[in-house]
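Undergrad: Per TrEMBL, Zn(2+) binding site is recorded for HIS194, HIS196, GLU201, HIS243.
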Amino acid sequence: MRLYQMADPVRYELMNTDDLRETFLLEGFFQPGKIEFAYVDLDRTVIGSAVPVGEALTLETEPELRAEYFLERRELGVLNVGGAGSVVVDGTEYSLDKLDCLYVGRGSRSVTFSSKNSKAPANFYLLSYPAHKEYPTAMVKFADMKGLELGSVETCNKRTIYKAIYKEGIKSCQLVMGFTLLATGCNWNTMPAHTHMRRSEVYFYFDVDPTHRVFHLMGPPDATSHLVVADKEVVVSPGWSIHAGVGTKNYGFCWGMGGENQAYDDMDGVAIAELR
Ligand SMILES: O=C[C@H](O)[C@@H](O)CC(=O)C(=O)O
Ligand SMILES: [Zn+2]
């Protein structure tokens, strides 16, 4: 498992493009037939992917976790951004079509991933945080999520926020997870931007046209930088950093958070004119 150590705002100011990319941008997930993981020291986030092709893939513990099994002290969120698939948790099967989301509670011993059709494999995005108690494993289908409409065509940021794991939805210890889909012709996410010191956030961009890119904006509001992000890449956002982006075309992204406060609207907003 790759290990990432986050930079603080002081080191951030000294970083060039390569430094920024090596620290905040995680590439190389979604290898066919494999499970991939990265461990980020910030909030002890584990980020991963599972792309089952043919055989089912099993969630194995990692040496760095010093745990008998992966979810011994952790909880896991799973979002399918590929073809139809299923996840079996301790003998119970959950069928996940594209954009269906599963929460797997602490203490679940056996987790396996499979695809319905190897030619159109499931692409499971995985996000895990430490958990202090067990909450029941639960799935929410895309069709049953109530979207929150934000933005407008005039400001190029018309988009729908779908919350899956959150206070009024699937319960968890600290994981908050959902995704945002941009309307055709719109390209700005999370603008106006915000920070939230009580939680770090992980952005996973998907459905980015392979010939297009998203310019992800990060950093303190008065000292922003950008990362050029391709499809299925991940950006880690510390509490002191804004997280927003503008694509050369519309796209989707999964946002996931860990920390001490699950209130979705606990954000410190930044006026657009304050950004530098
Ligand atoms: O803290 C919450 C997150 O930054 C995202 O949910 C914001 C987002 O999806 C959007 O505005 O498009
Ligand atoms: Zn946020």
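Using the three backbone atoms N, Cα and C, a Cβ is placed for every residue, glycine included.
Whatever TrEMBL says is automated annotation, not expert-curated.
Map these features onto the structure and tell me what's around them.
TA: All chains included, 25 other C-beta atoms sit within 10 angstroms of the C-beta of HIS243 (Zn(2+) binding site).
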Undergrad: Please work out the number of neighbouring Cβ atoms within 10 Å of the Cβ of HIS194 (Zn(2+) binding site), leaving out its own Cβ.
TA: 17
Undergrad: Find, for the listed binding-site residues HIS196, GLU201, the residue with the lowest Cβ contact count at a 10 Å cut-off, counting only other Cβ atoms.
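TA: Across HIS196, GLU201, these binding-site residues, the one with fewest Cβ atoms within 10 Å is HIS196.
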